[in-house]
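Shown next, in structure tokens, is the structure this report addresses.
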Amino acid sequence: MLPPRLHSRRRNPDESIRQTDGDASQARLSAVRKRYLNDPFIALLVPQPHLLPSRPPLINIGTYIRSEAIDELVVSWLQHNAASGSKVQIVSLGAGSDTRFWRLATGLLGGDLSRSIARYLELDFAENTSTKIRAIQVNKELNSVLGEAQISGASLVSDVYAIRDMDLRNSRHVLQDILIKSDEQPLGLLDTSLPTLVLCECVLCYMTQEQSDSLLKWFSDTFDQPAVIIYEMYGLNDSFGRVMKDNLRSRNVTLPGVDAYPTLDDQTRRYTNNGFPSAHALSLKTIRSQYIDPKELNRISRIEMLDELEELELVLHHYFVSWAFKNATDILRPWVLSRKVSTDSD
Ligand SMILES: C[S@@+](CC[C@H](N)C(=O)[O-])C[C@H]1O[C@@H](n2cnc3c(N)ncnc32)[C@H](O)[C@@H]1O
């Protein structure tokens, strides 16, 4: 969730997009410090964490809800595949300073579920992958989890974890040539026969609809058992959305992909248009009111004073989490139903 900034130099739009990772990681750091979330790794990936101020309660709560919801979906998907004994792959698009790999690998998420992960691949622009690789090199808490790692340019490859620089707006042929293991490409990073979960956390909105659709379709066409989770903003054609877009524009950030799918129904159509038979989408507002354990809601409500519940709900109403599974469409329904605690709807 991006705050307004009043003054901003004109700069390369891609630089402004890369810098949105700073907003995401600083929001996470703030939510961790206030004990909404438990994540010992984020402070290692944020430069000069001690100098960063806390974010407002509304941002901390939003960060908590999206993080918990996505973690829950990832763990459910891992559990489903662990039950069948299959090795799996996770690909995080625009991963930035994301810490999920370390939280999985050290058992903070889902016990020993990470043993089934054959490859955890993160993709981002070279400037961001280089920064992350430097942080990994200097922090034992991060590099000791990887084992031996080969670093070349802005990429790193270890036994399971890999990070690779790439502009995701590139064509499917580039993805095919760079990522897929084959007889011609024995060093390719991904095996198309393994169940593969693609995480798109606040990244597709920075591309055009054609570019993000092409990515989804490529994963759907290329992998035998693809699964996708998307988190980002939506429904920005109201006054709240216009203010958000203006604030971003003042920082030289535009959201070329955000208006293509303005409702939650459109967000599920986004998958069905691109090769997935069905999909689910929930706003963060609905996830907070219906799917977060009431004990947890009670715990986080005691962390900080929230002035305006209405304002929180307005913000949460403009972010969603969606997911789709090509060959196992019902996996996550039990999660959704079992966590449901009230009947309010969006
Ligand atoms: C808002 S940050 C989100 C970071 C992380 N996924 C998270 O949720 O905390 C967006 C990230 O997507 C990356 N990104 C955006 N467009 C991209 C593109 N075309 N190719 C590669 N990375 C991109 C940015 O560099 C940035 O790291």
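The backbone N, Cα and C atoms fix where each Cβ goes, glycine too.
What TrEMBL annotates here:
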- R66, G94, D167, L168, E201: S-adenosyl-L-methionine binding site (BINDING)
- 1-10: compositional bias 'Basic residues' (COMPBIAS)
- 11-21: compositional bias 'Basic and acidic residues' (COMPBIAS)
- 1-24: region 'Disordered' (REGION)
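In this structure, E201 (S-adenosyl-L-methionine binding site) is part of a beta strand by DSSP. In terms of local Cβ density within 10 Å, E201 ranks first among the binding-site residues D167, E201. Largest Cα to Cα distance within the recorded S-adenosyl-L-methionine binders R66, G94, D167, L168, E201: about 25 Å as a whole number. Residue counts for the compositional bias 'Basic and acidic residues' (11-21) under DSSP (helix as H, G, I; strand as E, B; rest coil) come to 9 helix, 0 strand, 2 coil.
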